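Student: Supplied in structure tokens, the structure appears directly below.
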Amino acid sequence: KNKCQLPSDVGKGKASFTRYFYNEESGKCETFIYGGMGGNSNNFLTKEACCRECAQGSC
């Protein structure tokens with residue numbers, strides 16, 4: 001699977017980082033809370049990075 005098709009994944013850890021993931025259903029980059037370790041590659045620090053990688057102009 002392409003990383004943009006993966007679901008958001010909180011991962012492991014006790015941190016609460018706000019990150020962005022591409023939601024294939026809505027076609028948008030949305031926020032989720034990341035635990036700080038693990039997870040998957042559909043995890044971006046900024047909305048801009050998510051849009052550039054996955055949303056192809058829909059942001």
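Residue numbering: from 1, along the chain as shown.
Using the three backbone atoms N, Cα and C, a Cβ is placed for every residue, glycine included.
Residues annotated as domain 'BPTI/Kunitz inhibitor' in Swiss-Prot: 4-54. Per Swiss-Prot, disulfide bond is recorded for CYS4-CYS54, CYS29-CYS50, CYS51-CYS59. Swiss-Prot lists LYS14 with the feature site 'Interacts directly with the S1 pocket of trypsin', giving similarity to another entry as the kind of evidence.
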Student: Looking only at C-alpha atoms, tell me how far LYS14 (site 'Interacts directly with the S1 pocket of trypsin') is from CYS29 (disulfide bond), rounded to the nearest Å.
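Tutor: LYS14 (site 'Interacts directly with the S1 pocket of trypsin') to CYS29 (disulfide bond), Cα-Cα distance: 23 Å.
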Student: How many whole Å apart are the CA atoms of CYS29 (disulfide bond) and CYS4 (disulfide bond)?
Tutor: 10
Student: Rounded to an integer, what is the Cα-Cα distance in Å between CYS50 (disulfide bond) and CYS4 (disulfide bond)?
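Tutor: It is 9 Å, counting Cα to Cα.
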Student: Across the domain 'BPTI/Kunitz inhibitor' (4-54), what are the DSSP residue counts per state (helix, strand, coil)?
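Tutor: Counting residues by DSSP class gives 10 helix, 17 strand, 24 coil.
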Student: Only counting partners 6 or more residues apart, tell me which same-chain residues put their Cβ under 8 Å from the Cβ of CYS4 (disulfide bond).
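Tutor: Non-local contacts for CYS4 (disulfide bond): TYR22, GLU24, ASN42, GLU53, CYS54.
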Student: Within 10 Å of the Cβ of CYS50 (disulfide bond), how many other Cβ atoms are there?
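Tutor: A count of 24.
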Student: Within 10 Å of the Cβ of LYS14 (site 'Interacts directly with the S1 pocket of trypsin'), how many other Cβ atoms can be counted across all chains shown?
Tutor: 7
